[in-house]
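Pulled from TrEMBL, these are the features on record:
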| type | residues | note |
| --- | --- | --- |
| TRANSMEM | 17-34 | transmembrane segment |
| TRANSMEM | 62-86 | transmembrane segment |
| TRANSMEM | 98-116 | transmembrane segment |
| DOMAIN | 103-237 | domain 'Fatty acid hydroxylase' |
| TRANSMEM | 152-177 | transmembrane segment |
Amino acid sequence: YLITHFSDFQLACVGSFFLHEAVFFLSGLPFIYIERAGWLQKYKIQAKNNTTEAQKKCITRLLLYHFSVNLPVMLASYPVFSFMGMRSSLPLPSWKVISTQLIFYFIVEDFIFYWGHRILHTKWLYKHVHSVHHEYATPFGLTSEYAHPAEILFLGFATIFGPAITGPHLITLWLWMVVRVLETVEAHSGYHFPWSPSNFLPLYGGSDFHDYHHRLIYTKSGNYASTFVYMDWIFGTDHGYRKLQELKNEEIAELKKN
């Protein structure tokens, strides 16, 4: 139905935008209501809650930035994706092709995002750009995309670079978008559940890893990774977090002894 009623341009730009909005808000809004209602408190990483005003501010700014920054970028980048061979026509790519491309996108995105994020924590860029994202020291799902417009463009490059150079089928691009949105919402959720991906996937950062990054002042935060934590491990920017985890494990061990 989609490929017979809409053009590649409409699907890749408008379709991608509304898919992003649907996945982002449907996955992020529940965390606002969970926090307000005080549900699942034993899984909340920080005891502090955000005010209703702060939550409304986040949503208002997000809608503004999504329509004034994200949508124009999707429209402007379409010629590049089209030139590289992106298509929406049948047949669909095999799962082998899709999974290989998604793995490649994760690797590329993790590398570029790590260095871009680390650069944003230099003094001048943090003060004038990245501090907007860190207005929420206690993050919730929707704060994952709350950022200065310059940062949206700067770090957004990490997310679209992989697909842009491979020209994937639109279904692969949409799967990548969905997985990436769900991952970043989970990382900013403020909750660490028994079923959180970081409990099962090796090297996956997740909410506990990224929440630590939001709690500390910019010069000492570390934990700059996007999805997987190997870049922080290689370059030693997760020492503070690892030390904290060791102390927690020692406390738990002592409690079990007693």
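Cβ coordinates are placed from backbone N, Cα and C, and glycine is handled just like the others.
Quick caveat, the model's predicted, so the values are computed rather than measured.
Residue counts for the domain 'Fatty acid hydroxylase' (103-237) by DSSP state, with H, G and I taken as helix and E and B as strand, are 93 helix, 4 strand, 38 coil.
For the transmembrane segment (98-116), the partner stretch with the highest count of Cβ pairs under 8 angstroms, out of 17-34, 62-86, 152-177, is 152-177.
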